[in-house]
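A short write-up of the structure that comes next.
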Amino acid sequence: SRCTHLENRDFVTGTQGTTRVTLVLELGGCVTITAEGKPSMDVWLDAIYQESPAKTREYCLHAKLSETKVAARCPTMGPAVLTEERQIGTVCKRDQSDRGWGNHCGLFGKGSIVACVKAACEAKKKATGYVYDANKIVYTVKVEPHTGDYVAANETHKGRKTATFTVSSEKTILTLGEYGDVSLLCRVASGVDLAQTIILELDKTAEHLPTAWQVHRDWFNDLALPWKHDGNPHWNNAERLVEFGAPHAVKMDVYNLGDQTGVLLKALAGVPVAHIEGNKYHLKSGHVTCEVGLEKLKMKGLTYTMCDKSKFAWKRTPTDSGHDTVVMEVTFSGSKPCRIPVRAVAHGSPDVNVAMLITPNPTIENDGGGFIEMQLPPGDNIIYVGELSHQWFQTGSSIGRVFQTTRKGIERLTVIGEHAWDFGSAGGFFSSIGKAVHTVLGGAFNSIFGGVGFLPKLLMGVALAWLGLNTRNPTMSMSFLMAGGLVLAMTLGVGA
């Protein structure tokens, strides 16, 4: 599974009969969806980019000077004149120089002098700014079902599907082959102020240097360098890279201030680096809030027979995934396809299966399968795959796991923000409350009641509510009613 290889992983667990779940996807993260009776899926935000954004300004980092000319006049002879002064693309400076008999003037005094030089820009020495258009930014979301095949981090799963969204996109339906269809309706949000963001790109001259940065518009517009708009052949403020020496009679030296790339790179230290891939300019931050429809998903392999328990062997022994789950892979030498008998028991309870399978209904196929991921309660456990067994100690605590999943649920609801609430009708408002409860408490509820069946949870909720109605102490009554209501809501709810 894709999420297994990423550090930033979240789990969203649907309750009995779940048909829709709401996800918050961010760059660099991955969400695993599990729901009873449905295949598990990994969903992640793969990229945020715009193709060929519009250019705003080009800056020159190294001037190319040519055709220097100087004109001088003796005192009282009027101002010196060069026709280049009126030409676009030249830099000129007027001054006064000391004149006399030694330099061909009949009078001693200050005479007029003017120097001009043609200014262009050296090749591969430009810094170009690009601006994003919020309506053209593409958000790429990828979906991958848990098929039971092990896929390395640098490999691509054959069942991986891609959906793209913009601010005007509508619902997208992805076909996952034998696992049915999944629908995605995503609201997009960039993590930066696009109106104040410029991508500054340098002409690439060295492989080891970054070539683009994400900078503020005001900082970009204030750069003290020659600039022009795209398509204009002449540079504005070209004098910023030209220095004129002190005048001497009929001579005035012109100096090129040199390459300013190093100065610009020093100013960009600590600025977020932008990623450019071909004509795609990527954003480094942003998120999408997606409503995922699970109603047309279907489990694969439910009609398979159980595998022969004696013909399994470990290919990868159980290993900590780093996400509070255990991953393993087995090989099978018997008749295929078949369903893998897998369970786990806690110390002192040999008859109770405590494994919560992230890979639902694991199977061995004719061309693969055998990868299993599960979540176990903290403490000593024994994992059984057929007749294979492996002792496993799960670190952590149940209370800590509950707090962690609740914290993630609150973060998820905070990111969804106003879109989580529907005040248009009473039904919509109460539905929003139910969805918010699922978002915040769904993970904690699953951690506590993960191994409890539907009917026991239903009876527990009814019993708590009955105790609340029949308890005379107001505080106890409200506590029982709230607990019972939450258990019933999480058990009977169809949206998360």
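Easy rule for this one: first residue shown is 1, then count along the chain.
Glycine residues also receive a Cβ, built from the backbone N, Cα and C atoms like all the rest.
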- Query: Which one is it, CYS60, CYS74, CYS290, CYS307, that Swiss-Prot ties to CYS186 with a disulfide?
  - Reply: CYS290
- Query: Closest to CYS92 (disulfide bond): which of the disulfide-bonded residues CYS74, CYS121, CYS307, going by Cα position?
  - Reply: CYS121
- Task: Could you give me the DSSP helix, strand and coil counts for the region 'Fusion peptide' (98-111)?
- Result: 3 helix, 5 strand, 6 coil
- Distal contacts, the topological domain 'Cytoplasmic' (469-479) - CB-CB under 8 A, six or more residues away: none
- Query: Out of CYS116, CYS307, which of the disulfide-bonded residues has the smallest number of neighbouring Cβ atoms within 10 Å?
  - Reply: CYS116
- Can you figure out which of CYS60, CYS116, CYS121 (the disulfide-bonded residues) comes closest in space to CYS186 (disulfide bond), comparing Cα atoms? CYS60
- Query: What's the CA-CA gap between CYS290 (disulfide bond) and CYS116 (disulfide bond) in angstrom, rounded?
  - Reply: 62
